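Enquirer: Okay, these came from Swiss-Prot:
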TOPO_DOM  1-5  topological domain 'Cytoplasmic'
TRANSMEM  6-26  transmembrane segment
TOPO_DOM  27-36  topological domain 'Lumenal'
TRANSMEM  37-57  transmembrane segment
TOPO_DOM  58-78  topological domain 'Cytoplasmic'
TRANSMEM  79-99  transmembrane segment
TRANSMEM  103-125  transmembrane segment
TOPO_DOM  126-168  topological domain 'Cytoplasmic'
TRANSMEM  169-189  transmembrane segment
TOPO_DOM  190-200  topological domain 'Lumenal'
TRANSMEM  201-217  transmembrane segment
TOPO_DOM  218-238  topological domain 'Cytoplasmic'
TRANSMEM  239-259  transmembrane segment
TOPO_DOM  260-282  topological domain 'Lumenal'
TRANSMEM  283-303  transmembrane segment
TOPO_DOM  304-340  topological domain 'Cytoplasmic'
Amino acid sequence: MAATPWYFVAVLLTILTSSQGILTTLSQSDGGYKYDYATVPFLAEVFKLIISGLFLWREMRTSSSTTSRITTDWKSVRLFVIPSLIYLIHNNVQFATLTYVDTSTYQIMGNLKIVTTGILFRLFLKRKLSKLQWMAIGLLAVGTTTSQVKGCGEASCDSLFTAPIQGYLLGILSAGLSALAGIYTEFLMKRNNDTLYWQNLQLYTFGSLFNVARLIADDFRHGFEKGPWWQRIFDGYSITTWLVVLNLGSTGLLVSWLMKYADNIVKVYSTSMAMLLTMVASIYLFSFKPTLQLFLGIVICIMSLHMYFAPPHTLVDLPVTNEAHAKTLKQVVVEEKTDS
C-alpha cells in the first residue's frame, strides 16, 4: 500500500470528496433527512475501524514482526485522543459560528484553513516551503474563495461584512482548529514506524467513542423523545444513505494514508479541487447555474496546483550554472589562443 503513488490516492480522494455533498443532497427527502444525520459520522468511524482491523490482521498474518511494528505503550496510545477532541471542539465552534454569519460567509471564511494549514505546516512540522509554494497556497485560497463569491445581483455583497465581530473570530478559530487537527494527525502518523493500520485503529477507536458520546448527549438534550439512539440508529436509512456512510469512511481512510505517506498540503489541494468538482457536477445534476466567478476560481486553482507541484525547471528558466559558465570561459580562451 505504501508503494502506491501519492497522486493516485490524491485523485481518488478528490473524486470521493466531490461526491460527498452530492450523495448527501440525494439522500434527502422533501428537503430534509428522514434519518438521524448524527449517526452517519458514527457509522463511518465504525466502518473505518473494521476495515483497519481487517487490514491489520491480514498484515500481521503475512508479515514478520520486524515489518509490522506496533506500539502499545499507553503514553503513545493516548496521543490519539487529541485529534478526536480537536474535531469535537471544531464541530461545536462550527455551529456557534453559523449563529452569527450566513452560510456563504461561513464557506468563504472556511478557506482560511488553507493558509493556516501552510503556516502550521511550517511551525509545527518544521517543513520549509519555497516562496513559489507559499504563493501557490495563497492562490489556492483566492481561487476557492472566488468560486464561492456570488454576484451582487444574486445576493447582497454587503452581507459578507455585516456580521458581528464574534462571527469572524469564531470563523478564524474554526479554520485554525481544522488545520491543527490535520497537522497533529500528520505528526502522529509520522512520529514512529508503526504500521498505518495500527495507527488507524487507535485513531478511529477514539473517534467512535467520541461519536457515541455525542449521540448520548443528543438523547439527553432532547429528553429521549425518540428513544435511545441505538434503537433508531438505522431508521430512515436508504441505499443512498449507506453510500454516504461508505463515502465518508473511505475518504477518512484515504486522508490517513496521505497523512502517513504524503502531507497535509496534498490533502488541502485534494479537498479544494473536490469542492470545485462538486460545483461543476452540480451544473448537470442540480441545474446549478455556472458563474464567471466559478470559471475564474477553477483557472486560479489549476494555476496554483501547477505552481506548487510542477518541477521548478518547468516554471522558470534556470540561470546558467557556474560549471557551464566556466566551460564557456575555457572555450573563449582556446579561441583567443588559436587566433593569436
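Every residue, even glycine, has its Cβ placed from backbone N, Cα and C.
Remember, it's a predicted structure, so these values are computed and weren't measured experimentally.
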Enquirer: Ranking 37-57, 79-99, 169-189, 239-259 by the number of C-beta pairs under 8 Å to the transmembrane segment (201-217), which range is first?
Expert: 37-57
Enquirer: Give me the mean pLDDT over the topological domain 'Lumenal' (260-282), rounded to a whole number.
Expert: 93
Enquirer: Where among 37-57, 79-99, 239-259 do we find the most Cβ pairs under 8 Å to the transmembrane segment (169-189)?
Expert: 79-99
Enquirer: Excluding the flanking five residues on each side, which residues at least 6 beyond the ends of the topological domain 'Lumenal' (190-200) place their CB within less than 8 Å of a CB in that stretch?
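Expert: Distant Cβ neighbours of the topological domain 'Lumenal' (190-200) are 1-2, 48, 52-53, 55-56, 59, 68-71, 76, 80, 253, 256-257, 259-260.
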Enquirer: Taking a Cβ cut-off under 8 Å, which residues six or more beyond the ends of the topological domain 'Lumenal' (27-36) line up next to it in the same chain?
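Expert: Contacts of the topological domain 'Lumenal' (27-36) (Cβ under 8 Å, skipping residues fewer than 6 from its ends): 229, 232-238, 240-241, 243-244.
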Enquirer: Which residues of the chain, 6 or more past the ends of the transmembrane segment (79-99), have a CB below 8 A from one of its CBs?
Expert: 106, 109, 167, 170-171, 173-174, 177-178, 180-181, 184-185, 188, 199, 202-203, 205-207, 209-210, 214
Enquirer: May I have the DSSP-based helix, strand and coil counts for the residues of the topological domain 'Lumenal' (190-200)?
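Expert: Residue counts in helix, strand and coil order: 6 helix, 0 strand, 5 coil.
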Enquirer: I need to check the long-range neighbours of the topological domain 'Cytoplasmic' (58-78): which residues 6 or more away from its ends have a CB within less than 8 Å of a CB in the stretch?
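Expert: Same-chain contacts beyond the ends: 192-195, 197-198, 202.
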Enquirer: For the topological domain 'Lumenal' (260-282), could you work out the same-chain residues 6 or more beyond its ends whose Cβ comes under 8 Å from its Cβ atoms?
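Expert: Sequence-remote neighbours of the topological domain 'Lumenal' (260-282) are 2, 4, 6, 9-11, 13-22, 113-114, 117-118, 121, 125, 127, 137, 140, 143-144, 147, 179, 182-183, 186, 189-190, 196, 199, 288, 290, 294, 297-298, 301, 305, 308-309.
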